[in-house]
Structure formats: structure tokens, C-alpha cells
């Protein structure tokens, strides 16, 4: 189990950060959409908001550290199974996810601050950086909601791409981010499958070639018989004459 990244595999640090953030984001989106349907005078609001803010702060810290680790270590290259446009889309999706997962907690912090009271953080409180501002409140709330929608879209694209790599392209990309999965075995399995397909194609080619040779041989035999018949006929005509 390797700690650092290589050009073909994510290390255990990046893998762990990835899956912890995935779990936190799933929980956070669920809590966030529940909060969106609540009002500040709802009894559940005061219980749910500190958890939402706390998880958001944890995601922010993890993403900043993940970004630091990514910049300091190798990043696995995208496989040649992708076209240049698909590689560009993959990079844009990754950058978008990093940007949103860093920006969303910050926007959320200022959103709560714009109500004019400290920001709850689990059982503690963080200072409000701005005073109560109703206009800013509506703007930040809209930004936070649109950010959540964009996050859902990018996550959906990311999941679809991961499943395509695993089930369709089968190029080993999915295995890079799954801990304890032996990528070499997966590549060996794909190599055997490719070899088997190649052997099947070769056998089919040989069968077609044999059929073609047999057809040509039969045609030559028929042509020989026709020529022999013509020769016999010509000989008989000469005898009669």
C-alpha cells in the first residue's frame, strides 16, 4: 500500500481524503436541502444548522489539504482511451469540484454571518465576520443554492465518468482511487480478455481464409473440367473431319 501518488496510481492519503470527502458531501447535501425547506423559527433549524456548518468547515479543511497534497505530489495521467476533448472535460470537472467544495463552505459562513449572529460550529461558535445585511443575505443564499445545484451536476458527471471507466472502457482509472484494489490484477484480466478477443479474431480470419482458398480450388477444378471437355470435343471434331 503506497502512501504517495505515482503517475499511474493515487496513494492511500489521497484515496482516504477522497472517500472521506465523498461521505461528508453526501451527508452535507442531504442536510442542506432539508435546511432549505426549514425556516429560522423551526425548532429543528437550531439543531441542524450547527451540524451543517461544522461539516462544511471540515470539508473546507480537507479540500485545502487535499489541494496542497495534490500540488506537492505526482498526479496520475489520464489514459489514452479518452479523446483530447474528453480529457479537457475531465480536467474541467475536477477543477470545478475542487472550486465548489472550497467556495461553498466560505459562502455558507458569510451567509450565516449576514444574519447578524455568530456562526455555529457543532457545540462551539465562530465569530460573525459581517453584520446583519438583508440584501447580502438574499444574494448569498442564492449563491449557496446555485452552488449546490452545480455541485450535484458535477458530481453526477463525475460518477457517470467513473462508471464508464469501470464498465465500458475498463482502462484501470476506477482502480486508481479504490483502496486495497489490486490494479495489476485488473490490468492482467483486461490483458487476458484482449488476448482472447485477438485469438478469436485470428481464428475467424483463418477460417475465412481457408474458405476462400477452398472456393478458389473448387473454381479451378471446375475450370479444368471445362477445359478438358472442350479439348475432348475438339479432338472428336478433328477425327470426324
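Glycine too: its Cβ is placed from the backbone N, Cα and C atoms.
TrEMBL labels come from automatic prediction, so no person has curated them.
Noted in TrEMBL for the protein shown:
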COMPBIAS  186-196  compositional bias 'Basic and acidic residues'
DOMAIN    10-179  domain 'Cytochrome b561 bacterial/Ni-hydrogenase'
REGION    186-241  region 'Disordered'
TRANSMEM  12-31  transmembrane segment
TRANSMEM  51-69  transmembrane segment
TRANSMEM  95-112  transmembrane segment
TRANSMEM  145-167  transmembrane segment
Long-range CB partners for the transmembrane segment (51-69) (under 8 A, at least six residues beyond its ends), listed in sequence order, are 13-14, 17-18, 20-21, 24-25, 27-28, 31-32, 35, 98, 101-102, 104-106, 108-109, 112, 119-122, 126
Average pLDDT across the domain 'Cytochrome b561 bacterial/Ni-hydrogenase' (10-179), rounded to a whole number: 91
